[in-house]
Ligand SMILES: Nc1ncnc2c1ncn2[C@@H]1O[C@H](COP(=O)(O)OP(=O)(O)OP(=O)(O)O)[C@@H](O)[C@H]1O
C-alpha cells in the first residue's frame, strides 16, 4: 500500500486527484492523510468527493473515509471498466477538475466512458471548460489520448447548473517532447444573464491589448440565459492558454485585458507549455514513461504533482534549465 501525505507541497485537492487516479491505474491501494491541509478549510469538498465516488465506480474500489470534510481516505481499486452515467457535483463545483481526475483512468478502460457532468464550467482556481477542450485536450491528443468534450450549458459560481458531456475512448498514452509552437490566438468571451456588452467588452479589451503586442486574435463573444449568472473569458494559442472569470466590481475591460496579459506572459516566454498545462501533463508523462517540455515557471502544483507521480510509478522527472526556461523530462 502507498501512503500519501496530502499536506505535501501545494497541499491542495490535486494531490488527491493524482494519487487516486494513479492508484486505480496501477491497481495499488493508497491511504491519503492530511487531505487539503494547506487550504483554509481542510478536507474533502463536494468536487473531490464526487471525483473519488466516480473513480470508485469506474474501478469498483473499496473506499473508506469518504464524507464531506474528511481528512483521510483509504482507496482500494479493482478492474477499470467503461461507464456511462450522469454525475452531479452540485452547485458550482468545478466540472473541469472532476474531469482532470477521471481522464487518466478512463483511457485505461477496455470500453468507452461517457459522462454527463453538472456543476460549474467557469469557476475560479480551476481550468475553464474551454481551457480543458482547447489546451489540455490538444496537448493530450498529441500523446495519443482520445476524448471529445461537448459543452451544453455554462455554470458559474455560486449557482452552477452547467452541463458538459465527455466521451473518452481507450487509448495508449505515449511520451512527447513538446516544443514551442507559433499559432494564432483564439478565444471565447461569454456571459449569462448579463447584458451582451459584458462579453463584448471583455473580448474587445483582450483583442486591443494583444494587438498592441502585434498579435492578431479571433475571439468570439457569446451571451446566453443559463441558470446561473456570470461571465468569463478563455484565450488560447497552441499549448498556451489563459482564463479569467468576471466578478462583481471587476470591470469587463479588466477581465479581458488581464486574460490577454496572462496569455502574453506565456507567449513572450516562448516555452512549450503554459504553467497550468505543465502540472496537468505530469501524470500522463509518468504513465507514458517518457516525454519533456519547457515551461516559464515551476509552480508548487507542478512540483507537487511530480512528487506524487514518482510515489506511484517507476519514473524520475529531471528538472533542468534550458535557454532561461525550466525543462522537465522523464528519465
Ligand atoms: N487559470 C487556470 N488555467 C488553467 N488551469 C488552472 C487555472 N487555475 C487553476 N488551474 C489548474 O487547476 C488545478 C487546481 O488544483 P488545486 O489542487 O489547487 O485545486 P482543488 O482541487 O480545487 O483544490 P483546492 O480547493 O484544494 O485548491 C491545477 O491543475 C491547476 O493547474
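Residue 1 is the first one shown; counting continues down the chain.
Glycine residues also receive a Cβ, built from the backbone N, Cα and C atoms like all the rest.
DSSP classifies residue 301 (active site, tele-AMP-histidine intermediate) as helix under the three-state reduction. Here TrEMBL flags 301 as active site, tele-AMP-histidine intermediate.
Per TrEMBL, the feature ATP binding site maps to 100, 276, 277, 278, 279, 280. Taking a C-beta cut-off of under 8 angstroms and a sequence separation of 6 or more, residue 280 (ATP binding site) has the following same-chain neighbours: 100, 127, 136, 139.
The domain 'RNA 3'-terminal phosphate cyclase' annotation in TrEMBL covers 8-319.
If you look up TrEMBL, you'll see 184-267 marked as domain 'RNA 3'-terminal phosphate cyclase insert'. Remark: secondary structure over the domain 'RNA 3'-terminal phosphate cyclase insert' (184-267) totals 33 helix, 30 strand, 21 coil, with classes taken from DSSP.
One way to see the shell of the ATP site is to take the Cβ centroid of 100, 276, 277, 278, 279, 280; the remaining same-chain residues with a Cβ within 8 Å of it are 127, 136, 273, 274, 275, 281, 282, 301, 302, 305. The number of other CB atoms found within 10 A of the CB of residue 278 (ATP binding site), across every protein chain shown, is 26. The sparsest Cβ neighbourhood within 10 Å, among the listed recorded positions (276, 301), is found at 301. Annotation note: residue 279 (ATP binding site) sits in a helical segment as assigned by DSSP.
Sequence-distant neighbours of residue 277 (ATP binding site) (same chain, 6+ residues apart, CB-CB distance under 8 A): 135, 136, 139, 239, 240, 241, 295. Maximum C-alpha to C-alpha distance over the listed ATP-binding residues 100, 276, 277, 278, 279, 280 is 13 Å.
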